[in-house]
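> First the structure, which I've put down as structure tokens, then a few questions once you've had a look.
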């Protein structure tokens, strides 16, 4: 409620704006402390990364406003967050590379040497400060484990597949809960009440499964049986804990409670690996007396638990190198590297198509963009997907990695100055007014010639009344040619209508922009749906639906610069 009041405050001035920017991360930190302190099923590492990035943004505003320096400081801040959270400096460095530097456009980064040195120094300093304040012990106690033989590697690969499927289940559960809480909010329940409902639901689940609550990493120690005289949990109970933890974590995230997915991922992975190890060990022990083969000996369940933690972390958060380095840094055992690499690689590969990185929508983006976008979609229905409310909800609440862990998308979240600038620019000021226009009866040869002449990769398709029908890209034409060659068809001169009719989805326009829409809204729409070009149509009463321009990423970047 306090944050909403701050965002809705219309007071101007540089000082007040800086105070607002400072208060937001402070409020989020307090919210994370309350969330985790009351035992909700999230973790502190995500907020730690966001705090580090917020500090980096503040330093950048005071010292330097260059875009390249901002990226380096953002990477350094994220590395510091992971290093202090897990007391693992090497993993923090690789996290910054995977989550900030690799997803960034090449032209926005400094030289690799300068950026890497900043990241390393930040990770080391953060880790040292964490040791001074919290001690030098690792985040969780590494249990006693062993590896029997290289012949076990297929078992670890199978564990990687299982952890990948569990990661997909967590993603799907979170998406479903987001839709549920969105429906609850539409009924009329205030947004500020939703975290109370989430905490109540988690508390009810914890009555049956108290292990799902956040106790630091003590519950992970319990799973791995790391502590002396720890009670051994059965495989059946471990599988129940996996399901309960997935539901509880999804409830916390969807209800608006503040925390990260790193600690829950480690818990879920540890429970999955331990259950898998116990089941495999029991099956092997029952079959071994029949065959008496030493090759059938398997490691302890703790070894599978450790590998399962890394594999699930990589699957959920899409940081495979960080997951491998984190477990290696904590165990300091080279024998675990090969099973780790295999399981983590498979888990990350399974989930890579299920959780795609997408620009996270902050509150202003949703507030500024959705009204204009919804108006455009409601009025012009060029594609059946445009008017579907359910599909829109699924798209907004889809399997985005940013919905799972917002700290992984801080690189996509541009600074406040750039967002403010984009919100002040209209699409009409940035769109290209010189573009390729074609009728359905136009031959493909002529369309390609016009594209080459105008140096455009997209053509806007209109009917005889100059109404927007669709758009045709070079990729559409290339796919059509390859498909024709594969079917053994002879080359012939075709019209645009024949190409578009060959595939239902081809040439359709699912999303559009209007001249009076803010560039911030249009950019958000392009980022959210992975669109490279947006046709711009007029809302004039005499010629509603007539194209007046074309907006692409190049024109958006040029206008903002």
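Backbone N, Cα and C atoms are what each Cβ position is placed from, and that goes for glycine too.
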> Please identify the range among 237-260, 261-284, 333-356, 357-380 that TrEMBL labels transmembrane segment.
261-284
> Suppose you had to name the range TrEMBL annotates as transmembrane segment; which of 18-42, 43-67, 118-142, 193-217 would you pick?
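Checking TrEMBL against the ranges 18-42, 43-67, 118-142, 193-217, the transmembrane segment one is 193-217.
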> Of the ranges 304-328, 404-428, which one does TrEMBL flag as transmembrane segment?
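Range annotated as transmembrane segment by TrEMBL: 304-328.
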> TrEMBL tags one of 75-97, 443-465 as transmembrane segment - which one?
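In TrEMBL, the transmembrane segment feature sits at 75-97.
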> Can you check how the pLDDT averages out over the domain 'CBS' (431-487)?
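The predicted confidence over the domain 'CBS' (431-487), as a mean pLDDT, is 85.
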> Same chain, outside the transmembrane segment (193-217) by at least 6, Cβ under 8 Å from its Cβ: which residues?
35-36, 38-43, 139-140, 181, 184-185, 223, 240-241, 244-245, 247-248, 251-252, 254-257, 259, 263, 266-267
> Can you break down the domain 'CBS' (431-487) into helix, strand and coil residue counts using DSSP?
24 helix, 17 strand, 16 coil
